[in-house]
Each structure stands twice: as C-alpha cells, then as structure tokens.
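For reference, the structure discussed in these notes is given below.
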C-alpha cells in the first residue's frame, strides 16, 4: 500500500455507519494503493470551545487542526473526522462537512443525514449512502477537487439534503481524472 486514509470518530458515532464508510472507501481507494483505517475515537468534550450555545452547533473549523495532528501521528495521506452533532461555518446555517486541503483533513457530520431529522421514518441504508457521499465529497476536496457543476457528481455542492440525494456517491469522469492525477502526483 502506498498510503493511508484514517477515519476518526469524534464523540458517539454509530459503529455500523463507520464500518460502512471504511468498507466503501477502502473499495474505492484500494486501486490507488491507499488503505482506509478506522482509528480510535476522540471525546467530544475536547471541543467544548467549538460549541455555540445560542446556535446549539459546533463550529466545524475547530475540529480540523486536531485531525491534522492525528493524521501526522499516523503518517496518513488524509484524515476524515466523523461527528454525530450539528456543525456550521460562519455565514452558513449549517454544513454537512468541511475540508482543509492544506492540512489534508476533513470532517463530516451525520446529524442532518438522518431521515428522521426531516420527519421521515428511520432508514439506515439511506443514512449510510448519504454519509458515503459526504465522505467522498470532502475527501475529494482534500485531494484537490473543486465543486462540480454536474448534479450527479459527488463533488456537486449540496445546498440541501435533496441535492445530496440526487447526486451519486461517485466522481464524474472529469473529476475522477483529476483525482487520479492528484493521487499519483503531489498528494502521495
């Protein structure tokens, strides 16, 4: 294997979703010689300073430097944090995820991916599909991809859960070519 992506759960994150992410991401990245490993989680209490009591949300950017330290400890190509709490960025009501290509880290939140959040019945399969799309999207950013105008491409920007459900979990041909170029070059 040429490298490794680590998945870092932060707080209470469902094990079945983490296992699905690890298996699915492994299946995709194995052809590039990249192993995907689930590592020991972090306590959410480490991030109390990121919590906005009025909004009842965590400011996503505060997770990224900590993930960067963990990524370096594992000598990994990238680190993906997974939380089960609501996250936001300044100027936005909420976000599904956030990436920092310079630090080679990203975070995704499951909070708004649950069908129950929208008043629909629980659907574990749908939750896992949404989580995979967000993981592929944020890792795409980590590896140098921008947002894509193709609504079916996983790199398409999701303004709402409807956008997430419309897109596939895979990169379009154009984004995939760019990703492959980046993975075999500067990000190795």
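Positions of Cβ are set from backbone N, Cα and C atoms, glycine also.
According to Swiss-Prot, the features are:
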BINDING   137, 141, 147  Zn(2+) 1 binding site
ACT_SITE  138  active site, proton acceptor
BINDING   148, 153, 172, 175  Zn(2+) 2 binding site
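Neighbour list (residue 148 (Zn(2+) 2 binding site), Cβ cut-off 8 Å, at least 6 residues apart, same chain): 155, 156, 171, 172, 174, 175. Counting every protein chain shown, the number of other Cβ atoms lying within 10 Å of the Cβ of residue 147 (Zn(2+) 1 binding site) is 14.
Apart from 148, 153, 172, 175, the Zn(2+) 2 site neighbourhood in this chain, defined by C-beta within 8 angstroms of the site C-beta centre, holds 145, 150, 152, 154, 155, 156, 171, 173, 174, 176.
Look at residue 147 (Zn(2+) 1 binding site): DSSP puts it in coil. On a Cα basis, residue 153 (Zn(2+) 2 binding site) lies 9 Å away from residue 137 (Zn(2+) 1 binding site). Apart from 137, 141, 147, the residues listed for Zn(2+) 1, the same chain places the Cβ atoms of 99, 138, 140, 145, 146, 148, 154, 155, 157 within 8 Å of the centroid of those Cβ atoms. Sparsest Cβ environment among the binding-site residues 137, 141 (other Cβ atoms counted within 10 Å): 141.
Geometry remark: residue 141 (Zn(2+) 1 binding site) versus residue 153 (Zn(2+) 2 binding site), CA distance 13 Å. All chains included, 24 other C-beta atoms sit within 10 angstroms of the C-beta of residue 138 (active site, proton acceptor). According to DSSP, residue 137 (Zn(2+) 1 binding site) sits within a helical segment. Of the listed binding-site residues, namely 153, 172, the sparsest Cβ surroundings within 10 Å are found at 172.
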